[in-house]
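A.B. asks: These came from TrEMBL, pasted as-is:
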type: TRANSMEM; residues: A:9-27; note: transmembrane segment
type: TRANSMEM; residues: A:47-65; note: transmembrane segment
type: TRANSMEM; residues: A:72-90; note: transmembrane segment
type: TRANSMEM; residues: A:96-121; note: transmembrane segment
type: TRANSMEM; residues: A:128-146; note: transmembrane segment
type: TRANSMEM; residues: A:166-188; note: transmembrane segment
type: TRANSMEM; residues: A:218-241; note: transmembrane segment
type: TRANSMEM; residues: A:247-264; note: transmembrane segment
type: TRANSMEM; residues: A:271-290; note: transmembrane segment
type: TRANSMEM; residues: A:302-323; note: transmembrane segment
Amino acid sequence: MKGRLDPQLVFLVLTNVGILAAGAWASGGVFIDPYNLQSMASQVPELGLLAIGVMLAMISGNGGIDLSGIALANLAGVTAALLVGGMISADDAPLLFSVAFGITAVAVGLAGGAVNGLLIAGSGLTPILCTLGTQLLFTGLAVVLSNGRAVSTGSPAPLEELGNGTFLQVPTSFLLFIAVAALIGMGLRFTPSGIRLLLMGTNPVAARFAGFAQGRMLVATYAISGALAGLAGVIIAARNVNVKWDYGGSYLLIAILIAVMAGVKPEGGHGRMICLLLSATALQLLSSFLNFLDVSNFFRDLAWGLLLLFFLAIIRYDALGALTSRIGWRARPEGAPAAGDAATKG
Amino acid sequence: MKKFLLAASVAGVALAGAAVELSAQTKPTIATVVKISGIPWFSRMEVGVKAFGSANPDVQASQSGPATADAAQQLKIIEDLTARRVNALAVVPMDPSVVEGALKRAMDRGIIVVTHEADNQRNTNADVEAFDNAAYGAALNERLAKCMGGQGKWTSFVGSLGSRTHIQWVDAGAANAKKYSGMTLVDEKNESFDDANKTYEKAKEILRKHPDIRGFQGSAGNDVLGIGRAIEEAGLQDKVCLVGTGLPNPSAQYLESGAIDAIGFWDPRDAGMAMNSVAKILLEKKPLADGMDLGVKGYEKVTVKKGPGQGQLIIGNAMVIADKATYKDHLF
């Protein structure tokens, strides 16, 4: 396993390089000038964070998925803007406002995610139905709190820096995204909790008999997913100066597409952070490339749909390939070693 | 794997081939970004953008917009066009507040920004509005008063009480109706939520409650359709007057039957041309002056004043009030 390159990773790297090259050629270089690279990089984090949330939920297995991400991100942004904006003036105390805003938004996200986890683990609700329900709940709450209007956060210096600033030519929000992704990726790969999560996703029955605290792990997983949504809410606020309940309605499916393109198995137990990052950037590159070419946005929806089906097929194909080349390795009763394998890949 | 790569590279080359003309552009580009593509309103606007492009061969004019009604998708298009370094953006924001950040980044990059339907937009060089809202409301009501002969009870509909322009229209209408001592406003500002069925139910209730009602003034695009259906079913086409915002194609049936007496609107084709015209003026570094002619019907003598931000607010006189005899001039 160690000696063999992951085809998903190779494919994603080639896709990224290919689109960059095609874009550079077609636009006479404008596509890869620093401004566009920065512009594309700063568009990635909001969607990327939501996709990590979806990935974590998928890894937990048992049909795990988080549909409430963008709704929770909007709720977190709206709540934090109203709450913090009501107590602290963004003009008088920009640093205090920004920090309080960030903490509140992430806390709301964490709480919302924990609600998801408690419902799924506690009452055994199917994740897809549960998070569909909480998605509507979160959206509704955001509408009620804000009366359906956009809430302004203003642009206090630290938030402005997060939204528009760069560090060594790299957008700050992108750096934050990479840092968070690295942290979670290492957690998945090196910590006992991370490895247990992969194992639980691979075979929930075995995990139960092995004495895993499944309930607590589910709650923690969905809570982290929620906190990531809250962080996405902070980035949205930092970039747009305003937060609104209906922002990013199309993000839900795109976040799932990023996760599936990254080779995260919908049946659980497998997902690599490096693939997720490359998948998020590939989708952003392709999206910007189509905008550079003035291609109709209806074509984009079609392309997304095709990509989703295509990658689902690849996952299926690879699973089959692995089965035929190494007979017996992935047979269900021995799910645990296969997952341990996945875990070492991180 | 090889097959996938082959397919992917073939697709990539095909797409890139389609884009070679992109790198060959030297003319200034004006990119119009609408709320959503593919709906009649913005298809009509695209007619205007294309017409502007062929009338002005020295600029490159194009229109794009998201396939779904999502402010985030519109934002991404604006970001990418900014990175592509178009010379001017003409934006009809899905939500003016959400695009403030993106428009500011575009302006910081030296791109001219023109907006439409966003008189509260702060980060714009110029916002173009088709007409003064109060004048439009008064004009609709004047048409209603003419139909009612200045006599009888009338009521008004708004999309929702939170919809700023609708409230401005009906308030101006109510102020206009005060000129006629015989006109009485009853149960004003019914909420229709721009839903023809809900409006229909509400209009039926009003017809029952006030059997002697003689006039309706609608605001949202679907109001006239719902009220028109209620009037037609009650057989009151000749007795009850109905005037409101509406589009020619959907309203045609009720205009013909007489259920709707007149519809008011502005033509998105002309609005698209006016936005592009303003963008071109700004690209040529010419000033915007009060009373100037944008060379577009309804925008021959525009009012220019200071907007809410750094930019200017340009108000045309492009309202169209059409009835059975004239709606066919604006079929869209």
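Note that Cβ sites are derived from N, Cα and C of the backbone, with glycine treated the same way.
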A.B. asks: Determine whether the transmembrane segment (A:218-241) and the transmembrane segment (A:9-27) share at least three Cβ pairs under 8 Å, counting only pairs 6 or more apart in sequence.
C.D. replies: no
A.B. asks: Given the transmembrane segment (A:47-65), which of the listed stretches A:9-27, A:96-121, A:128-146, A:166-188, A:271-290 has the most Cβ pairs that are under 8 Å apart from it?
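C.D. replies: Top-ranked stretch among A:9-27, A:96-121, A:128-146, A:166-188, A:271-290: A:271-290.
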A.B. asks: Taking the transmembrane segment (A:96-121) as the first stretch and the transmembrane segment (A:128-146) as the second, find out whether 3 or more Cβ pairs fall under 8 Å, excluding pairs closer than 6 in sequence.
C.D. replies: yes
A.B. asks: Take a look at A:128-146, A:166-188, A:271-290 and tell me which one has the most Cβ pairs under 8 Å to the transmembrane segment (A:9-27).
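C.D. replies: Highest pair count goes to A:271-290.
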